[in-house]
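Scroll down for the structure; my scribbles are underneath it.
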Amino acid sequence: MSTELSADPYADHIGILSSRLEAALAGTSLDGLLIAAGQEHTAFLDDRAYPFIVNPHFNHWVPVRQVPESFVLVRPAHKPVLFFHQPADYWYMSASAPEDEWTSYWDIRIIQNITEVRDQIDPPNLGFIGEDTALAEAWGCREINPESVLNHLHYYRAYKTDYEIDALQVAANTAVRGHLKARDTFFSGGSEFDIQHAYLAATFHREQETPYTSIVAINEHASVLHYQYYDQSTPVDNLSMLIDAGANAQGYAADVTRTYAKRDGLFADLVTTMDEQQQALIKAIPEFSNYTDLHLDMHLRLSQLLVESGLSTMSAPAMVESGVSFYFMPHGLGHLVGLQTHDVGGQQRDVEGILKPPPEQHRALRLTRNIEDDMVFTIEPGLYFIPMLLKQLRASEHNSSINWTMINELIGFGGIRIEDNILMRNGQPHNLTRSAFAEAS
Ligand SMILES: [Mn+2]
């Protein structure tokens, strides 16, 4: 959702990336960067390739994702070049050369073999960004994945262009279509496997096209933060579902989580309260300059909720201070989202790559930067009943402050997570996910 309409967001995007490139190369003697899309990898002793995941630095410049062995050559003050790989092959289908509007900003050269790239570039004056460092070495690129350049580019990846924001909104809209279908499939008694397939069908995604492996967790499976299976049978009593599933648009990710309760009761009430608190937290974002402080505020709200529900007799600040809230919420409040679901640069203090680590008790927090305009990040508070952590809490000095009868009632529900993607504009949060849900209903 871009607030100011540009005539051509992609043209602006290329302009912005070009300025960032120039600044990133300023302290180097490089003329430009050769950025590889990447190459396929096959399984051990096999000829079957793993799903291809494009180098995000490549995808940042061009909406091309499934064309391994392609390259972009970007140099300040030169028209960028796309070497588009189109091998002569009767075993596999070659990608069709792109013809969309965006190609007018590119010098597109079709190659059948990557040696044709080597013949058209000047490696001693180029930096190489990509996985195949042996290739870059063989070609004689001056620098290979230079850290100073990568730090610079990663830092600025946090600030999304209008073109990127449009893609992120499309991804959110697509994910929401899947979430609505998944919810219906859960309430009509579908298994995790059924729900995952309903989700993929509704989003028109192959499993390998989603930006991350969907988490479809019924009952206690929701207590496994990255639960990775899809049970093909439905439990006799399917009480709850946590679904964390995304979608992809031009390489940009949506990262969305919803939790549902089958019946009214304590767990359903907790889901409602978590949903209210998540929205209240988003509303409060302008009061915080730094994401770490927002994360800590979430712990305070969560602790308050646990006290008010009767799960804990401690004070909310004492729960955060002593680390008791961690046992119920062991991950970070959120992360940057973009070309990668967990986008780069979340803990970077500056372009030099100096890190700003999270507080000692909150090691899993991936985003510690100041909250600024044009950033897109997730807000995903959770409340879990994880047997392994509860066992530790039970063995701790805080044992007697916890209502274990209630906890035992809740363990079979696994947990709650509610996750939206937020864009900052003019100091205000814009909820890409909730606007997609509103649009869809
Ligand atoms: Mn997430």
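For all residues, glycine too, the Cβ spot is worked out from N, Cα and C.
Please treat TrEMBL annotations as automatic predictions, because they have not gone through curation.
TrEMBL lists ASP255, GLU380, GLU419 as binding Mn(2+) 1, and of HIS221, HIS299, HIS335 the one it places in that same site is HIS335. Among ASP244, ASP269, the residue that TrEMBL places alongside ASP255, GLU419 at the Mn(2+) 2 binding site is ASP244.
Each residue contributes its Cα atom, and for GLU380 (Mn(2+) 1 binding site) and ASP244 (Mn(2+) 2 binding site) these two points are 10 Å apart.
Rounded to a whole number, the distance between the Cα atoms of GLU419 (Mn(2+) 2 binding site) and HIS335 (Mn(2+) 1 binding site) is 11 Å. Annotated Mn(2+) 1 site ASP255, HIS335, GLU380, GLU419; additional same-chain residues within 8 Å of its Cβ mean position, judged by their own Cβ, are ASP244, VAL256, THR257, GLY334, VAL337, THR341, PHE377, THR378, ILE379, ASP420, ASN421.
By the rule that a residue counts when its Cβ sits under 6 Å from some atom of ligand 1, the binding-site residues ASP244, ASP255, GLU380 yield ASP255, GLU380. Classification of GLU419 (Mn(2+) 2 binding site) by DSSP places it within a strand.
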